[in-house]
Structures are given as structure tokens and as C-alpha cells.
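What follows is a set of notes on a single structure, which appears directly below.
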């Protein structure tokens, strides 16, 4: 059967200009939006494993944790209210992403960054001062608004600012910021857990204000992208911005492609209706299934609940937090692998290798827990066993960090034409958030009921998504955003959905790769 690969004969268009320091700085500042998401991913799991936090807000969970003789190890933290604290953010992000789509299209990319930063700052202040469950949840909802706006706009901003030849590496700056945010959160939790008096959790939650301030202040100094400026009808200003970010006055060819794409986009008055048309079926599929699959790798249950998970399988409180720090370091280092390889080897190679590695690691963790804890959840890990489980989880995190982590944001952000880009990214973010919410909300309950089988559950999804990538996801390396339709037209399956008039003419021929 034909595979999903596409090769570009002669390479993509070679527009003049290159990677300027101006582009690097603006992309670095914009990627700070990833710190918002990353810090939150990392902070919640550590806080929910702190005894004083549990005493103050979730006393039933705290008492269950102390009742070691009568409680299955798998069920120590099974509480819907506790998981609601973590997952409520993603429900708010789901709703906010749709409003962010409108703001991004009508008022520009930087406006969405400003709104996201301010919302996140308000949420951090409320959480740090919380005295009851209601304040915790309201704070998390405000954080969710910030995450929804940031995750909707930042990947699009990075894709539009970067030259095609380094678009992957610069866009992965967003994922890099997420991983750094997770690591910082793990280090903060490790430190604040040692604060005498039991108020360290307040410091952990309140410090979310730092990435919020960085993003908010940074957004005031960022320029808007040429695509966004054109989208709002400022032709001369858009061309000047393109010349500035490419470092050359000779941008006529690239600007003409941007202008043509913008004019086509202006004929679309209802992007939400438009993206449902048959000609956009490939983009709609990618913006829906890729974020869905990304969540069902199981990664966020590791990032949300790493300290809780390690505590569940027998690590001490301090060892649990330190193990989460170790996985955070692995996450950052492995993301660097993606930064330096995504534009050299392509997206598909990383997707496929990462899928195989995650599948193996999840199966081995499931087997280890089955042998040591069985169905009753009673047992202990030797030091060797604990170290081996930690190694497997680190290998799993590394595989995700150079594959589905960054590529789950990169590919949907780069495959959509301008006329459906804001809608496509909103679908991408909202799908990601709704399944982040679902997985986060049910994970501790699933761990209690599925036991070690939970890891086989996620391994099954990883197998399915790896097959999906092999057959259905084309290679987007070095393909300019404005020429993505040519790539879809050449695909063995998606080509039938793309009309001939949707393909921008070019001297570079794209041919289907029948061998995948």
C-alpha cells in the first residue's frame, strides 16, 4: 500500500534573505508563552503531592494516603475533586482558544499574547492567595484563559516569522520553553517542599506570575507578523516588516506569495464554515487527530502527576519530587535533539522513531508494575526496580520530547492556508485542551481501576498513532507555508481533496513517494 511520504524535487522555493538576529529575538520572546504552559504542567503535580496542601484542601486524600495498610497503592490519590484542581485549567483553555482565534485574526498575533499573559498573571495571584477550593478553581480557570490564548497564537506566530528552512527549529522554541517551564516548576516544588511551616505550596503557585509577566511585557515590544499585517489590509507595512525580518530588500517573490495567499483568504468570510469544506479535509484532520493523539500518548499524566505517580509506586516524598526533576531535565535535553534534527531529518522520522520508543517503554513499565504490585496493588520496589522504572519513564519522556511533544504543535500550525489558519489553530488548541482535561481528570481514577493495565492502554494508542503517521502524514520539511497545498495534492490519499486551482504554480515539482 502507498505510504504517506512526499518528496520535493529540487527543494522548496529559495526566497532571498535568511535568519536575522531580529527574527531570533522576536521568536525567543514569543516562545516565552510556552513557559506559561510548561510551568503549569509541572507545578500542579508537585503541589498535589505536598502533605500540607492536601491537609488544607483535600483532607480525605491525605487520610487515605496515611492509611497504608488498607488502601491499594494504585488508589491512594483517587479523588475527582483533586483531579479537578489540575484539569479545570484545560477546560477554560478550551473555551478561551475559540475567543483567541477571533482576537488573533482581527487584532493581530501580539494582542492575543498580551491578553494571555494578563489572564495568567491574575490566575497566579488568586492561586497563591487561595484559602478555599473555590479560589483554587477560579485561579486555575484564569490560568486556563492565559494558556488558551498563548497556545493558540504562539505556534502560529513562530511559523509565520521563521524562514521555511528553519521553521521547524524556531517553532520548536515553543516546546523548548514548555519543557524549561516544566523543569523550573519541578525545581521550585523540590525547594518549596522543604519550607518549614507548610506554606511552600503558596510559593509554588504564586511564582506562575513570573512567566506571565515575561510574556505580557514582551508582547508590548514584539512586532506583528507580515501575514497578520496583510490580513488586516496594510500592504506597505507588511512588506517593510518582511524586509526587516528577512534582512534584505529583495523579498518580492516571497511577498507576492504572501499577498496572493492573503487575497485568497479575504474571499473567505466564514473560516469556521470554510474549514469544513472538502478541500480542507487534510488540514482539518491534522488539526484534530494530531492533538488528540498527542494527549493519548499519556505524557501529560506523567507531567501532571509525576511526583504523585512516583509516590504511588513506592518512592518517598522527597525522592518523588527529585525523580520529577530528573524527568524534567531529560525532557529539556531531548527537546534539543528535536531542535537540531527536525529540519535536517524531517518530521516523519522523529514521529515514527518516537512512537516505537514510547510503545516499548510503556509496555515495560506495565510489565514491571504487574510483576511487583499485581492486581491488588500491594508490594514494594527494590532500589534496582525503582531505578529501572525511573529509567523507563525517562526514556519514554525523551522519546516524546523529540517527537510528539514539539511536532504535535509544529505540524498543525504549519499545514493550514492563511484563510483557515486561525480556525485551524483554534481547533488544534481546543482539541488538545479538551483531551488534556479528559485525561487529566480521569487518570487517577483510571490508575485505581486499570492498575498496571493503564500503561498498556496508552501503549495501544501509541501503536495506532504511529501507523497513522506512517500512512497519512506527509513530510513538511522545507515546504513554505504558502505552498502546502502542493504537498497535499501530491499525497497518495489527500490529493483527491485538493482542487487544481488551489495549488500555487511553481517550478519545483512535488511527486508522491510511493514507498513512504
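Glycine is no exception: its Cβ is also placed from the backbone N, Cα and C atoms.
Curation does not apply to TrEMBL; its annotations are automatic.
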Of 49-68, 69-88, 169-188, the range TrEMBL labels transmembrane segment: 169-188
Candidate ranges 268-288, 289-309 [criterion: TrEMBL lists as transmembrane segment]: 289-309
Which listed span TrEMBL calls transmembrane segment, if the choices are 235-253, 387-405: 387-405
Transmembrane segment according to TrEMBL, located in which of 354-375, 486-507: 354-375
CB contact flag for the transmembrane segment (200-222) and the transmembrane segment (387-405), at least three pairs under 8 A: no
Distant-in-sequence neighbours of the transmembrane segment (120-149), which means Cβ under 8 A and at least six residues beyond its ends: 36-37, 40, 57, 81, 84-86, 88-97, 99-100, 103, 112-113, 202-203, 205-209, 211-213, 215-216, 429, 433
Distal contacts, the transmembrane segment (19-39) - CB-CB under 8 A, six or more residues away: 113, 116-117, 120, 143, 146-147, 150-151, 153-154, 157-158, 161-163, 166, 170, 173-185, 207-208, 210-212, 214-215, 218-219, 221-223, 244-247
